[in-house]
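Notes for the one structure printed next.
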Amino acid sequence: MLSAVLLLLFFIQNVQNFDKIELEDITVYFPLKVDYLAPFGCATGTKCDDEGAAYIPSAMEIAINRLNADKDLEVFHDLDVNYVDTSKTAGPRAARTAALNNGTIAALGLMRDCYIQSTILNINSKIAVSDVCEMDLSSVKGFDQTSVLMNSQTNSLAKSVMYFLDKYQWKKVALVSPSTVLTAFATRVRSDLLDALTANKIDILVDSRLDPMSDITDKVKEDAEKARIFIICDWSSNANLLRNYLFKLGEMNKMQSGEYFVLGYISYDTNYQWLEASSGDQRLVHLGASDINDYNLTENDLHEVYKNVVILSDGPPPAEPNSTWEDIKSQVLMKKPAKMCPPYCNTTVSEKITPRWDRIKLLFDSIQYLADATNDALNIGANIYQSDIFYEYLISRKIDSVTGVTEFIDGYGAIVGSIQIYYHFSSSSHNSYSLFPCARLAQSSLLNTVWSLTDYSEGLSIDFVNKSAPKDTPVCGFYGENCGPPANNTFIIVISVGVAVLIGLAIAAAFLYKRYRYERRLHSLFFMIDRNQIILKKHTNLMSQQSLRSMASIHGSVVAASQTLRDSHFFIEDYNNASSINASSIFNTGSTARAGPFGPIPGFGGVTGASEDEKWHQIPDFGVGLYEGRTVALKRIYRSDVEFTRSIRLEIAKLQESVNSNVIEFVGMVVQSPDVFVVYELAQRGSLKDILDNDDMPLDDVFRSQMTKDIIAGLEYLHSSPIGCHGRLKSTNCLIDARWMVRLSSFGLRELRGEETWQQEDDVQEGKDQLWTSPELLRWSTGLSQCGVLLVQKSDVYSLAIVLYELFGRLGPWGDEPMEPREIVSLVKREALAGKKPFRPDMAVLKESPRIVQETVVAAWTEDPLNRPSLHQIKRKLKPLTIGLKRTIMDNMVSMIEKYTDKLEKDIAERNEELEGEKAKSEALLKMMLPEVVADSLKLGSNVSAESFENCTVFFSDCPGFVEMSATSKPIDIVQFLNDLYTVFDRIIDQFDVYKVETIADAYMVASGLPVPNGNHHAGEIASLGLALLKAVESFKIRHLPNEKVRLRIGMNSGPCVAGVVGLKMPRYCLFGDTVNTASRMESNGIPLRINCSGTAKEILDQLGGYEIEERGIVEMKGKGKQMTYFVRGENSDMRRERIIRERVKFASLKKAQIQEKTYEFS
């Protein structure tokens, strides 16, 4: 071993004379190769963010030249870089290309949002060293980690802020951050800061989230009365929020008093252009602005303001303290990106793009870091192409940065991070007054996690206005609570206040009394309803076609169902009325679709005799009850409890005062933790969406026109009421009452519902409730409660356009668009921002609709909210729809229901037959997914517990060469191949007493002896099945590779096993135990076109008799050690036939085993 290492060291020292190194298990070829993934195409004028990639090729060439000059790193000389343009190739596809490139040792670069890219690389065991990714490594679970992130961590800001708070003993602060432009990374940074402040018992007196471009004067004045120490986090460009807030404090003379201090943070990513400007640039003096003309401040005022301001940033260190870094920056500027081919071949790089020095610094550090780790690994003969081995050399390392500072990679593959500190002062070296980087906060070593300050050439020296740090609390407190009034003036003050109060009471007695009654009413929680006052009812939505079939089957005729439909679209009954309706027949129909009038859900079942608490807990989104003799609707709010603050009580008061024929009536609230419900009047005919989705419900122009008129009338009322807007307009929130009038619901309560914890939707349904939401609200990161009323009103106009599109097109809110809801929502949110045409529904759906409707829809969903028409303009535009119509909506509805009832009488019988047929299909499908005995237990409502089987046999097979076939074939060809092969297999296994467990890619798993035991016949059935499958693949043809043969490899093992149903959605019958693992090892260590058999299975086959078994020998298996293995070569079909006939009476499952007449033998 020692001689091998010495020989390896000799090779490495003389690598320039060799083109490869022979290691123990692999050959390393030189030069080494890496992939670099970045959106290079965005630097050529494309309207997308190049993420600093423009100068990467230039910097890479300089970095490689530096490595070539280092004789200690000869293994990394002449590094071969393959540039992958992610702007032309989707990020995941580019990552997959890099992952499958076996000739590279790592993938560099990646994207900011690199979760999918990193996951693909990790799954494929490819090292990733990213200098731009902003992913949280804690989110990576389920496979070995192979990623290293060189970008700053999200907790760097929190650690730097705590450094200053601890140093000056500040315990009370104000936190200010933008309400817009927050990326996922910025959100995590802010969250980590809040966690750190809370953990260190720092009182957050103010937490303001402001629009950087709005007038914040009043808010700054309000905040200044509540706090003295301000932490301002700004991710906007040109430090708009920090500058605006700070200069407003200056205009109020707060900063000049010396009693205030601002600790500001600006993102280098959005401010690097002016942060890297020369010292004479006015933007460095004015925090990103060229002048201060918009503020009532002078330059001398600014000098006083800046004394109590420290700026933090996540950028790179300055160039001046380090000559090497300064020289590299000069070389990068001289080497123009346009001359770098690849990747800029036959393209022109935009001249306006400036270098991103943070990205370039991280590139140099990444290359040097990867070179050092590779050299260390090869020095001891480690395999650098095996990620789990190589990754150990990449973590817990020190990095000597090109900027002259020391960085650290922790044990999780993430850089420890650092923060640059800026301060305004007059620099002697630059002979100017400006914002200069003066120090750096970071860890001093990998093990010492305490952050310390390191000064640059001109270090941090805070020149406080009052020569000392301000206190976090005024001497007398923020409200004078620490200081009493002067002793001599107490009597005068009391008399004066008393007289003033009496005069005020005399003048405003009537007003105060009215106000008192209003406030008393607010504090009395007048809207609260005792849960015991509501009698819960079962209900189902009869507009559901499945529910109609159930109703008809229960009542035995169409007349009963249609009569109920005339009066209401809900069937309601008492919980204890079990004789009239079988709950399982209506509510447990197997459908998971939701369609209630206040959101999804057709009703809830519940068990007769359940306690009152259980009944309330089982209510999903929507329920029905009886309150004070009237039927009411219960809308669940997804909060475990509610603190009725004054603002929430005011919301509820406005809601109760909203009385209009086109809005739903608010009745009250039921709050008994963990259940919170809003109680409304019940809209008897469900929602507009229920009607539109029912293909059997005929609609005419009168219906559509009247519905349109009602919706606009309801919106007009809300916009002019104290509530001000709707915010959640969609067809499911347009309810239909007994008189066929539209009543809008789910408006108001923006603050109460702003903290709802919504249930997670599945991937297909994710985003479906946002299909009506305007793009500006989709981009609004702080939720509906933080939006201005005017913005939400314009958003209501957009939502109205989608509802009209749905009403007149009757193909849903997005017509026949095939994409999933979440994909539609993503395109609506992002397409316009990327400079593309805004994504909207296909107007071809409305080609048969009136032109005025088409024109209104197009105008109302305009991207710019200010260009959308007002409700008054829309109402005037659509007025011709109702002119000349003499019949009322009720007359039309009565006629419509009569037609609908006649149609039902003809169709119900046919649908009953269809229902029976669908039931049979469902049972057949269930038995295809689960064993028949398990499926029968589930149909009876019984629980299926895990069961232990003393002896069974497990079968695994796969197709060697499948991975290579997948790499060289089209995906559709692979799917056709697997479908053809498994169709043959599935037909064959029907002839044996076996159960197919699952297929994964080319792997096929079968078991025998469970869930119905069959004695020792399980081993024989599996062996016979394997022989039949081997015979079948001899004649099997691969469609796209007709000259290739399937080389099936089979493994089998017998032993004890535990089996049971796992999961609630898409349940699977799964097997557990060492028997399964050993069977898998038999297959993976087997020989193609052979049945590889374990010793335990061989013993059972010997007992059964009739099988030809050949000893293979001892095989080393991972996790199992050395195992004796055998081949099953053939069988005597006569012995099997006699054995099965003899044992069928004893083991019923053998009855499905068909007896083969021919013996299969293989050489």
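From the backbone N, Cα and C atoms, a Cβ is placed for every residue, glycine too.
Residues or ranges marked as signal peptide in Swiss-Prot (evidence: sequence analysis): 1-17.
What Swiss-Prot records for 18-490 is topological domain 'Extracellular', and it gives sequence analysis as the kind of evidence.
Summarising the environment of N102 (N-linked glycosylation site), the number of other Cβ atoms within 10 Å of its Cβ, over all protein chains shown, is 9. The feature N-linked glycosylation site is assigned by Swiss-Prot to N102 (among others), with sequence analysis given as support.
For N296 (among others), the entry in Swiss-Prot reads N-linked glycosylation site. In sequence order, E251 constitute the residues six or more apart from N296 (N-linked glycosylation site) in its chain with CB-CB distances below 8 Å. Secondary structure at N296 (N-linked glycosylation site), taken from DSSP and collapsed to helix, strand or coil, is coil.
DSSP classifies N322 (N-linked glycosylation site) as coil under the three-state reduction. Residues or ranges marked as N-linked glycosylation site by Swiss-Prot on the basis of sequence analysis: N322 (among others).
What Swiss-Prot lists as N-linked glycosylation site is N346 (among others), and the listing cites sequence analysis. If you take the C-beta of N346 (N-linked glycosylation site) and look for same-chain residues 6 or more apart in sequence within under 8 angstroms, you find none.
Per Swiss-Prot, N-linked glycosylation site is recorded for N466 (among others). Around the Cβ of N466 (N-linked glycosylation site), a 10 Å sphere holds 11 further Cβ atoms from the protein chains shown.
According to Swiss-Prot, the N-linked glycosylation site annotation covers N488 (among others), on the basis of sequence analysis.
Among the features that Swiss-Prot reports, transmembrane segment is placed at 491-511, with the record citing sequence analysis.
Swiss-Prot lists 512-1163 with the feature topological domain 'Cytoplasmic'.
For the domain 'Protein kinase' (587-882), the model gives a mean pLDDT of 84. Sequence annotations record features per position, and here Swiss-Prot assigns domain 'Protein kinase' to 587-882 based on sequence analysis.
Under the heading ATP binding site, Swiss-Prot lists A593, R594, A595, G596, P597, F598, G599, P600, I601, K635.
The feature coiled coil is assigned by Swiss-Prot to 901-930, with sequence analysis given as support.
Annotation source Swiss-Prot lists domain 'Guanylate cyclase' at 953-1083.
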Helix, strand or coil at N102 (N-linked glycosylation site), per DSSP?
coil
Do any residues at least six apart in sequence from N322 (N-linked glycosylation site), in the same chain, have a Cβ closer than 8 Å to its Cβ, and if so which, in order?
T403, G404
What whole-number Å value do you get for the CA-CA distance of N102 (N-linked glycosylation site) and N466 (N-linked glycosylation site)?
64
By DSSP, how many residues in the domain 'Guanylate cyclase' (953-1083) are helix, how many strand, and how many coil?
54 helix, 37 strand, 40 coil
